[in-house]
Amino acid sequence: MTPERPGVQGWGGLVVLALVWGSAFAFIRVGVETLPPSLVAFGRLAVAALALTAWMVYRRRRLPPLADPRWLWLAALGLFGNALPFTLIAAGQTTVPSGVAGILMGMTPLAIIAAAHFVLPNERLTAWKAAGFLMGFAGIVMLTGPAALAGMLEADFLGQLAILAATLCYATHAIAYQRMPEMAPSAVAAGSMICAALLAAPLAAFDAMAGPALAPSAASLGAVLVLGLFPTALAGIVYMMIARKVGAAFIAMINYVVPVVAALIGVALGETLGLNAFLALAVILAGIAVARRRPAPR
């Protein structure tokens, strides 16, 4: 389908997603203080799956029958949108500094618009769109700072490769959702989250049994609960509601706003924020405006 102009719902959804996804980093930091990353990932997916299933029951909506081939699409969305990238990012960040990881994750929108150009006939790449997304990536580099860019030469190669693989996972997820058969957004969110939780369970179980005895703090458990309810469940429904309407390229822009939101939340938690962060925000917002510009009619 041809993407619509975003409108109030599209821009409102972008703001909601940027806020809840941007807050995730702070809660992940609390969660991994006393829990392995794989358990934090599985915990947030399990909470989200339960919350979304409860929402489906409350709204008297139903998931497809188990024999329905759409479950293959839901499994693909759960794998590439949640289970696999969560694991790859957690593995990569054990050896890659957060600044380098931020730059690498900033390549996600570029991967999405490149894939959309070849796979989605109604989302061809234009000069304005390319310029806008490159400006957004430049804003991410400004936000993380030149030291992070230089650190890419020193950081572990396999760790960087894992994070780059996660960006490709997110691009695959964005394109797959545009191509999958029509389903209610709440059903897609719930079904894909159930699949993601099931896919993430084996690694979490292995880490729980093979590692030291678990002694999670109340703060870590609370962080996992919040992660499941807001950056995962709520974000899942909002994403599915607007992504089909506004297209993969518009949704990809959120990935440029999320790091800025995360940095601002860090300030609220006592971290310092330099002038480069505000300049980065200006460049990112300008990039979004440029990317949304339509070519002049001939």
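Keep in mind that glycine also has a Cβ here, set from the backbone N, Cα and C atoms.
What you are looking at is a predicted structure, and each value in this text was computed from that prediction instead of being measured.
TrEMBL annotations:
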| type | residues | note |
| --- | --- | --- |
| DOMAIN | 14-144 | domain 'EamA' |
| DOMAIN | 158-290 | domain 'EamA' |
| TRANSMEM | 12-32 | transmembrane segment |
| TRANSMEM | 38-58 | transmembrane segment |
| TRANSMEM | 70-92 | transmembrane segment |
| TRANSMEM | 98-120 | transmembrane segment |
| TRANSMEM | 132-151 | transmembrane segment |
| TRANSMEM | 157-176 | transmembrane segment |
| TRANSMEM | 188-206 | transmembrane segment |
| TRANSMEM | 218-239 | transmembrane segment |
| TRANSMEM | 246-267 | transmembrane segment |
| TRANSMEM | 273-291 | transmembrane segment |
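When each of 12-32, 70-92, 246-267 is scored by its Cβ pairs under 8 Å to the transmembrane segment (157-176), the top-ranked stretch turns out to be 70-92. Counting C-beta pairs under 8 angstroms (sequence separation of 6 or more), the transmembrane segment (98-120) reaches the transmembrane segment (246-267) with 3 or more such pairs. If you count C-beta pairs under 8 angstroms between the transmembrane segment (188-206) and each of 12-32, 38-58, 70-92, 273-291, the highest count goes to 70-92. Highest Cβ pair count under 8 Å relative to the transmembrane segment (38-58), across stretches 70-92, 218-239, 273-291: 218-239. The transmembrane segment (12-32) and the transmembrane segment (246-267) are in contact, since at least 3 Cβ pairs between them lie under 8 Å (pairs 6 or more apart in sequence).
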